[in-house]
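K.L.:
According to Swiss-Prot, the FMN binding site annotation covers 10-15, 78-80, 113-119, HIS134. According to Swiss-Prot, the NAD(+) binding site annotation covers TYR12, on the basis of sequence analysis. Annotation comment: Swiss-Prot describes TRP98 as substrate binding site. For 4-190, the entry in Swiss-Prot reads domain 'Flavodoxin-like'.
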Amino acid sequence: MSKVLVLYYSTYGHVEALAEAVAEGARATGATVDVKRVPETVPAAVAEASHFKVDQKAPVATVEDLANYDAIVVGTPTRFGRISSQMAAFLDQAGGLWMRGVLNGKVGGAFTSTATQHGGQEATLFSIIANLLHFGMTIVGLPYSHQGQMTLDEIVGGSPYGATTIAGGQGQRQPSAIELEGARHQGELIAKTANKLFG
């Protein structure tokens, strides 16, 4: 079976929750799954004063870790319609892996969180996907086989480009059952694809 890395950055825990759901879906296929986060770049005093969720259980990843997986699913909150600076700084350091073609042919996917419905979810997913395509990866999104993203009964995240959640302006809304199911579904599809390609 394949090895899957769920790599994320989360400020208040919303993306962390999606990451765990992505991992659950991937594990359901029999894949070996690790969840890791990128290093925090905000000074500890600022993070504490801003009420960042600093007690996240996932270990911190290194750029070299990326070479050890068949699939890499990347999640980050939106920062003004793009990926967070923490994730950007981490991916920018992967130039050596890119130069050697280490990530070519691996399976990739993206997920995100925004404060509002129209706060840049798809733009952020595209910016993650652009990185993964430059690395030579094959992208798996969240197709409409996840029926939840089509509901009109409640506000939900989700896009064909990846799982998403809407956190609210103060971070007061946690990922809904439908959004977590979308993340699980995407994780399952990514792992199934990697299992077919890498056994």
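Just so you know, glycine gets a Cβ as well, placed from its N, Cα and C.
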K.L.:
Helix, strand or coil for TRP98 (substrate binding site)? Use DSSP.
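P.N.:
DSSP assigns TRP98 (substrate binding site) to helix.
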K.L.:
Distance check, please: Cα of TRP98 (substrate binding site) against Cα of THR116 (FMN binding site), rounded to an integer number of angstrom.
P.N.:
34
K.L.:
CB neighbours of GLY13 (FMN binding site) within 10 A?
P.N.:
17
K.L.:
Tell me, by DSSP, whether SER10 (FMN binding site) is helix, strand or coil?
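P.N.:
Its secondary structure by DSSP: coil.
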K.L.:
Taking only same-chain residues 6+ apart in sequence, whose CB is under 8 Å from that of SER113 (FMN binding site), what do you get?
P.N.:
SER10, HIS14, VAL15, LEU18, GLY75, PRO77, THR78, GLY157, THR164, THR165, ILE166, ALA167, PRO175
K.L.:
Let me know the model's mean pLDDT on the domain 'Flavodoxin-like' (4-190).
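P.N.:
Result for the domain 'Flavodoxin-like' (4-190): average pLDDT 96.
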K.L.:
Given the binding-site residues SER10, THR116, which one's Cβ is surrounded by the fewest other Cβ atoms within 10 Å?
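P.N.:
Sparsest of the binding-site residues SER10, THR116 by Cβ contacts within 10 Å: THR116.
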K.L.:
I'd like the number of other C-beta atoms within 10 A of the C-beta of the residue listed as 'NAD(+) binding site', please.
P.N.:
18
